[in-house]
Structures are given as structure tokens and as C-alpha cells.
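*Asks:* Quick one: the structure is below, and I'll ask about it shortly.
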Amino acid sequence: MSNSFSLHGKRGLVVGIANEHSIAYGIAKTIREYGGEVAATYLNEKAERFVRPLAEGLGCPLIMPCDVSKPGELESVFDKLKAAWGTIDYVVHSIAFSPLADLHGRLVDSTAEGFGVAMDISCHSFIRMAKLAEPMMPNGGTMLAMSYYGAEKVIDHYDLMGPVKAALESCVRYLAAELGPNNIRVNCISPGPILTRAASGIKDFDELLTVASSRAPLGRLATPEDVGRLAAFYIGETGNNITGNIGFVDAGYHVRG
Ligand code: NAD
């Protein structure tokens with residue numbers, strides 16, 4: 001390994017940029033800063049207006065539509081990646097969704113439909129992404145998903161998303177075990193609360209931010225760029241022997257809770 005950290009020669013996909021505040025944008029920006037190449041996606045036409053200029057600003061050679069709930073869209077993304085690059089080195093899954101009615105109620109009142117939608121978009125889509133990425137990583141690679149501490153501990157107002165993130169973390173461990181023999185590493189990053197569009201759907205999120213910064217050992221909040229640096233570490237040679245890991249980027253909040 002060379003002395004200076006670099007992602008030069010690493011090519012992959014980042015899903016989840018909605019705007020400049022998105023954790024996925026912080027990750028994509030950091031990967032570019034370290035010399036890696038990034039293909040990006042946007043949810044739909046409405047989102048394209050915001051995502052395209054950001055992705056173009058990062059020099060993304062591929063900017064594609066991807067709503068994981070629309071049959072065929074994720075597959076089409078991987079077809080385009082294959083046509084352009086043949087192989088890839090990493091995928092980043094930085095998406096989550098729950099119908100608001102289910103997110104804002106108690107877990108005990110959640111509907112099977114709402115729970116299913118949240119699970120499908122926020123968790124099972126990572127499995128589908130892994131299945132499509134595997135054949136494009138003949139020499140190994142890295143897969144990353146975003147979780148949250150609410151997977152482990154009860155966080156007020158996180159409700160439905162807690163069990164969904166717990167399932168996602170479990171998927172990371174099982175996928176790590178299944179794909180390890182192909183030298184594919186599967187890890188999860190668990191950022192502390194960051195004010196993004198998805199986060200603004202959580203009730204009293206401001207309160208969560210205040211508590212997180214005041215109780216974190218480092219006394220501050222994490223940023224999307226902090227998350228990006230850990231993502232880069234996992235993707236780079238630095239992460240060669242790390243798989244099935246949950247990496248907290250929360251200024252240490254999880255040790256106190
Ligand atoms: P964000 O709103 O910027 O990003 C969420 C993304 O999910 C958006 O780009 C949106 O288009 C995408 N998405 C939703 N439904 C989709 C679908 N059907 N198909 C494809 N994409 C879809 O918010 P964020 O906070 O950057 O969220 C990114 C990830 O980080 C999520 O998994 C979230 O749970 C996780 N996370 C966020 C925080 C936080 O405090 N912001 C903390 C821990 C983990």
C-alpha cells in the first residue's frame with residue numbers, strides 16, 4: 001500500500017443524493033476528493049433538477065434515474081454501469097423511506113403495508129443492489145449501507161425505522177458472510193443525526209440534534225463529510241480486512257446513548 005491514501009482507480013455507484021445536504025452527497029464528494037470515480041442516481045424527474053447539477057459538479061460520468069420501488073430501474077442502472085465500466089469496485093446505499101403516517105405513529109399501530117414499503121425501500125433494496133453488484137465485482141469490492149443507532153436502542157420518534165434499520169444491519173452481516181469468499185466486503189455506517197430531508201420527516205428532530213451534540217463525548221454533531229471519510233476508508237485498501245462492520249460516525253454518542 002502506498003503512503004498517501006487514494007481511491008484512484010476505484011469506480012462505483014452512490015445511490016441517495018437528493019440535495020447538497022444528503023449524506024450520499026457528502027460521500028460522493030469525498031470519494032471524488034480522493035480520486036475515485038462516482039456514478040450517481042436521482043429518484044425521479046423532480047429530483048433530477050437538484051441532483052444533476054451536483055453530480056455534474058463532481059464530474060460524475062453517469063447520472064441515472066433510480067427509484068428502487070419501480071420494477072426494472074435498479075437493473076437498468078447496473079446495465080448502464082456494465083456497458084460503461086464493465087466492472088465496479090463499490091456501491092453505496094444511502095436511501096430510506098417510510099410512509100409518513102406510519103413513521104409518525106407508534107410502531108404498534110403501523111400498517112403491514114407501510115411497514116412493508118419501508119422495509120422494501122430502506123432494506124431489501126440493499127439486497128437487490130448486492131445481487132446486481134456481485135457479478136460486476138470479479139476481483140472483489142465494497143458494499144456500504146447507512147444505518148442509525150435507533151436500530152439498537154429505542155430513540156423517541158424513530159419508531160418504525162428502528163426495526164427496519166435493525167434488519168438492514170443484520171443483512172449487512174449475512175451478506176458479508178455470503179460474499180466474503182468472493183472478496184466482497186459489506187459494511188454499514190451508522191451516522192449520528194444530521195439535518196437532511198429524510199431526517200426532517202422525523203418528529204422533533206431538532207431535539208434529537210441537541211441531545212446528540214450535548215451528550216456525545218466529543219460534544220458535537222457529525223457531518224456528511226465525516227461519513228464520507230469513513231466510507232472512503234472502507235472502499236480503499238485501508239478497509240481490505242474489514243467486513244460485517246457497523247462503523248459509528250456520531251462523535252461517540254453511541255457509547256453513552
Ligand atoms: P436524504 O433525504 O438526503 O436522502 C435520502 C435518499 O433516499 C434521497 O436521495 C431519496 O431520493 C432516497 N430515496 C427514497 N426513496 C427512494 C426510492 N424509492 N428509490 C431510490 N431512492 C430513494 O437523507 P439522508 O439523511 O442523507 O439519508 C441517507 C441515509 O442515511 C438513509 O438511509 C438514512 O436512514 C441514513 N441516516 C440518516 C441520518 C440522519 O440523521 N440524517 C442518520 C443515520 C442514518
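Glycine is treated like the rest: Cβ placed from N, Cα and C.
So TrEMBL lists these for the protein:
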BINDING   GLY16, SER22, ILE23, ASP67, VAL68, ILE95, LYS165, ILE194, LEU195, THR196, ARG197, ALA198  NAD(+) binding site
ACT_SITE  TYR148  active site, proton acceptor
ACT_SITE  TYR158  active site, proton acceptor
*Asks:* Taking only same-chain residues 6+ apart in sequence, whose CB is under 8 Å from that of GLY16 (NAD(+) binding site), what do you get?
*Replies:* SER22, ILE23, ALA24, THR41, VAL92, HIS93, SER94, ILE95, MET146
*Asks:* Counting other Cβ atoms within 10 Å of each residue's Cβ, which of the binding-site residues ILE23, VAL68, LEU195 comes out lowest?
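*Replies:* Minimum Cβ neighbour count within 10 Å, taken over the binding-site residues ILE23, VAL68, LEU195, occurs at LEU195.
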*Asks:* Have a look at the binding-site residues (LYS165, ARG197) and report the one with the fewest Cβ neighbours inside 10 Å.
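*Replies:* Candidates: the binding-site residues LYS165, ARG197. Fewest Cβ atoms within 10 Å: ARG197.
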*Asks:* Could you check the active-site residues TYR148, TYR158 and say which one's CB has the fewest neighbouring CB atoms inside 10 Å?
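*Replies:* So among TYR148, TYR158, the active-site residues given, the one with the fewest Cβ atoms within 10 Å is TYR158.
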*Asks:* Any of the recorded positions GLY16, TYR148, TYR158, LYS165, LEU195 with a C-beta atom under 6 A from ligand 1? Give them in order, or none.
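*Replies:* By the Cβ criterion, which requires under 6 Å to ligand 1, the hits are GLY16, TYR148.
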*Asks:* Quick one: pull the CA-CA distance for VAL68 (NAD(+) binding site) versus TYR148 (active site, proton acceptor), whole Å only.
*Replies:* 20
*Asks:* What does DSSP call ARG197 (NAD(+) binding site) in the simple three-state scheme?
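*Replies:* In the DSSP reduction, ARG197 (NAD(+) binding site) maps to coil.
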*Asks:* Taking just the CA atoms, what is the gap between LYS165 (NAD(+) binding site) and TYR158 (active site, proton acceptor) in Å?
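*Replies:* Spelling it out, the Cα of LYS165 (NAD(+) binding site) and the Cα of TYR158 (active site, proton acceptor) are 10 Å apart.
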*Asks:* Over all pairs in GLY16, SER22, ILE23, ASP67, VAL68, ILE95, LYS165, ILE194, LEU195, THR196, ARG197, ALA198, the listed NAD(+) binding residues, work out the largest Cα-Cα distance in Å.
*Replies:* 23
